[in-house]
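Annotation source Swiss-Prot lists N-acetylserine at Ser2. Under the heading phosphothreonine, Swiss-Prot lists Thr152, Thr154, Thr223. Feature annotation from Swiss-Prot assigns domain 'MHD' to 168-421; the stated evidence is sequence analysis.
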Amino acid sequence: MSASAVYVLDLKGKVLICRNYRGDVDMSEVEHFMPILMEKEEEGMLSPILAHGGVRFMWIKHNNLYLVATSKKNACVSLVFSFLYKVVQVFSEYFKELEEESIRDNFVIIYELLDELMDFGYPQTTDSKILQEYITQEGHKLETGAPRPPATVTNAVSWRSEGIKYRKNEVFLDVIESVNLLVSANGNVLRSEIVGSIKMRVFLSGMPELRLGLNDKVLFDNTGRGKSKSVELEDVKFHQCVRLSRFENDRTISFIPPDGEFELMSYRLNTHVKPLIWIESVIEKHSHSRIEYMIKAKSQFKRRSTANNVEIHIPVPNDADSPKFKTTVGSVKWVPENSEIVWSIKSFPGGKEYLMRAHFGLPSVEAEDKEGKPPISVKFEIPYFTTSGIQVRYLKIIEKSGYQALPWVRYITQNGDYQLRTQ
């Protein structure tokens, strides 16, 4: 069982648009939603599921709107919330910004979309590429003329239109890895993981098939343990265009890509990561007078790689003043509104070590610092480099017209949640 009705409300709880799918819940029930929401908010007991009598309200907030689904029976809550977020995504793709004004300006098309998105309370067509084939924003109505069945009915590829043409056929593939790291004050790595994704920008004519091969080191989490140097990917998620049956058989990533930009796959490695940029800090607080920092930054990756736009964010006391800085490289800036100093290094080659000193005055009367000190955080980007060692061995482009296409592959490693605690 799914939703009985779906509403879009403004911030005051006024109904902007609604669709009754099952007729088993009185449409005026939604009038109870906002009073219950405000009451729960005041009590500090706000929940994504609210109830009045036998009716459940499942809701999300987006910009200045509430999207609410009602149900009287046992609904599959995860399905309903997934549907509400999908509604936001589809509306945003149609109207750029989903807010009260765009709802008021597009009543006709929204009713058409709600009719296609859900049928008798069950999600139906939620792929915006399919919806855009026969619901156009320009006419605010269904396309007229000779009736044409949706691509899904004809077994065509729903995420790619036919007849696409480019003068220059190109594919850009980015392997992007974000490093999440937490280091304790005594230098122990408490948490480390790599979150990766393969993103593509496709400008290819016709209906091409692409085959992507990754290096032999890469294993997927259900292949069993391999050699000690292998890279075992976890939580692998593919775009819907990937032929999963082919992948299950021989690990070939084969697909007909959507046109333009999309994420082909994402993955995670819960593994010990050697900190790429290591920070050592010595902080000396002289009572009632000053605080001094000595920060050493060391790049722990190969010399042939370089980290770009490195930013080291060092927290300082709220009442610090009169800053003085000295550094062997880059620039240092005090950001008092964030209670931090930012050491910026435009280019940080591998195997290098740099030093920065900072001096702040402190007021003669100071409050006892009972709260824990915020950690040092680091931002960086290393091109032509992956922490996991994942590499693209080949990217084949096959199209019946036989045109030549240029594949471009790029690797980027960047910071995720990268923090080092201080003494």
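The backbone N, Cα and C atoms fix where each Cβ goes, glycine too.
Packing around Ser2 (N-acetylserine) is summarised by its Cβ count: 20 other Cβ atoms lie within 10 angstroms of its Cβ, all protein chains included. Across all of the domain 'MHD' (168-421), the predicted model scores a mean pLDDT of 89. In the three-state DSSP scheme, Ser2 (N-acetylserine) falls into the coil class.
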